[in-house]
Amino acid sequence: MRKPFVAGNWKMNKTVDQATLLVADMLPGLEAVKTVDRVVCPPFTSLMVISGMLAGTEVGLGAQNLHWEESGAFTGELSPAMVKEFCQYVIIGHSERRAYFGDTDETVNKKVKAAIAIGLTPIVCVGETLDEYEAGKTGDVVARQVKNGLKEIEAKDAEKLVVAYEPIWAIGTGKAASAEEAQDVIGNVVRKNLVVAFGDEVAQKIRILYGGSVKAGNAADFFGKPDIDGGLIGGAALKAEDFVKIVEAAA
Ligand SMILES: O=C(CO)COP(=O)(O)O
């Protein structure tokens, strides 16, 4: 049985003061749901203070990106070791990074390898654009992202991975995919390609999340599907009550 997993991707929201208040607000509710792995991913600037708040709790902390090199002349970037100082998780290849900041399957693969090497659990994002969706290319695009993004990862490391399927047309739009559609892509494309890459035993251990307009009201529909092991939550992760409800729906 895979343990459900729910992560909040705060994106570029919340100053340190605001982040502290939000975590203080949601922490008791999150702490109570022991059967779900729950993770918050605030901006870099808040990681240090939030890691202090989460010390001694079972709530995990994730960054939203990292660079694959150990150190050097990479202005504006953070190394795997810098992220590891505070975090257990790191989101890699979010569609916003692919669309606006040049992340590709190749750099995603480098980041995944670097995260694993330092002992971080990557949350690897895949998903098709609206054009690709409308052209019926979802399967091809997502299969390519899974295959290339996770190239040359060893099976023993792969079982700890978390993969998030986020159709780009559903992100921040209020138009979630249907739970059936999400299950279809996650089961028949993402998990199937994980089986090809790592074998059935390992693929059955990998948590696969759905992301894109998940709210307190629709979360249970997604989490009830056999291959959907939780969610990567954007907007609704910025409201303590909503995020706790979504985590509860995964229990
Ligand atoms: O991109 C997302 C999480 O990474 C989803 O964002 P929304 O939940 O705001 O649609």
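Glycine residues also receive a Cβ, built from the backbone N, Cα and C atoms like all the rest.
Unlike curated records, TrEMBL annotations are generated automatically.
According to TrEMBL, the substrate binding site annotation covers N9, W10, K11, G172, S213, G234, G235. Taken from TrEMBL, the feature active site, electrophile covers H94. TrEMBL lists E166 with the feature active site, proton acceptor.
Other than the site residues N9, W10, K11, G172, S213, G234, G235, same-chain residues with C-beta atoms no more than 8 angstroms from the centre of those residues' C-beta atoms, the substrate site, are I171, I233, A236, A237, L238. If you take the Cα of W10 (substrate binding site) and the Cα of the residue listed as 'active site, proton acceptor', they are about 15 angstrom apart, rounded to a whole number. Comparing the recorded positions W10, K11, H94, G172, G234 by how many other C-beta atoms lie within 10 angstroms of each C-beta, the top residue is H94. A straight line from the CA of G172 (substrate binding site) to the CA of E166 (active site, proton acceptor) spans 11 Å. Taken in sequence order, the binding-site residues K11, G172, G235 that lie near ligand 1, meaning a CB under 6 Å from one of its atoms, are G172, G235. With all protein chains in the displayed structure included, the most crowded Cβ environment within 10 Å among the recorded positions E166, S213, G235 is that of E166.
Residue environment of N9 (substrate binding site) contains 26 other Cβ atoms, counted within 10 Å of its Cβ in all protein chains. When secondary structure is read from DSSP and collapsed to three states, G172 (substrate binding site) falls in the coil class.
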